[in-house]
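Structure first, then comments.
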């Protein structure tokens with residue numbers, strides 16, 4: 001014997017276990033025959049456990065009476081029992097039947113008021129959404145199993161639900177079809193000629209209708225804006241993780257202008273002179289390569305006020321400077337600002353002022369690093385730097401006669417010659433007003449075996465640091 005449940009999630013075919021639970025099967029078959037379950041909501045969804053249905057109005061509705069058995073002769077319009085004394089019946093519990101497989105169908109039961117050891121059932125039934133649901137054994141009376149429609153069960157299992165287990169968008173039994181009925185109708189049972197329309201009580205329980213199409217977000221421009229915002233937040237959090245930002249929500253200063261596409265010969269003082277017509281300039285810095293001192297063709301200009309910066313932005317876009325048409329924009333860098341804040345934060349005066357770095361509107365929020373976890377920064381923007389070069393520069397500052405250069409080690413080389421040209425970089429040579437003799441041999445070095453192997457196999461030891469003393 002089988003029954004087809006047409007639900008808004010899909011069709012479910014249930015095979016009935018007539019021999020094990022004849023009374024439960026008869027009750028279920030006859031209720032399906034008189035369309036009692038039509039428009040009944042699915043509720044108490046517990047993912048990977050079970051869901052419940054069979055209350056024609058829904059357990060949360062004030063008009064709900066919990067449902068009735070077929071022997072209570074429910075009214076076709078109100079779904080209420082014409083014989084309340086027959087609204088419940090004693091279901092069969094087959095000891096050999098367990099809720100072991102997904103799709104097990106059983107009548108929901110409740111203890112009798114007269115005898116707590118006795119359990120009664122009405123119209124509500126349960127379908128399991130997982131295997132080995134032992135908690136229902138002995139409490140729910142098994143009378144069938146799902147033969148087809150496991151895709152519908154999966155949709156119910158993954159539906160969005162509220163705290164009580166009710167799907168946010170209604171899932172309902174739309175129609176029932178009895179495929180085979182071996183039982184005689186109870187006296188007084190009336191089969192409707194067609195499927196009845198939902199009652200007013202049932203329509204009142206609708207939250208989001210099962211056939212309502214939820215509009216998706218198709219605004220391409222808005223979706224792109226949201227994508228960029230998420231990407232920006234992720235990048236800011238990454239910079240906070242590695243210590244480049246004090247916190248992810250930091251915003252760049254509004255009075256610093258970024259200038260690019262400069263001529264390599266343009267100097268700091270040239271830019272400062274040109275842009276000073278718009279207002280007082282606190283700093284003007286052309287960013288240069290640390291090794292060669294060559295201009296990287298972009299600069300940062302810090303004005304005293306935001307208004308001066310805005311005037312320069314609108315007036316200097318595309319202006320020709322030293323035969324190069326420059327591009328200006330508002331700076332998005334917080335490197336220098338971050339360094340100022342760190343320095344202020346470490347000072348006793350700033351700490352006594354409160355906030356972060358003496359700024360009341362800022363709050364220090366280090367989620368992933370300790371108080372001493374930040375990186376050391378210099379006074380400039382430091383976009384191009386190397387740790388080794390910085391260390392050698394510090395050594396040279398300690399001893400002005402000590403010169404530090406580097407020479408590339410050819411991959412797999414076993415020996416290397418140091419020429420006089422290797423003792424000074426072009427910048428150093430210009431500083432000391434003399435150029436070295438190009439090919440004069442100063443020293444020859446035999447490289448250790450671990451350096452040779454590391455260079456040949458792993459690409460390590462690629463640079464030789466040369467220290468020389470100027471006399």
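Every residue, even glycine, has its Cβ placed from backbone N, Cα and C.
It is 55-92, from the ranges 55-92, 93-130, that TrEMBL records as region 'Disordered'.
Tertiary proximity for the compositional bias 'Basic and acidic residues' (82-92) is limited to same-chain residues at least six positions away from its ends with a CB under 8 Å from its CB atoms, namely 20-24, 27, 68-69, 71-75, 107, 109, 118-122, 141, 143, 188. Each residue of the compositional bias 'Basic and acidic residues' (82-92) gets a DSSP state, and the totals for helix, strand and coil are 3 helix, 1 strand, 7 coil.
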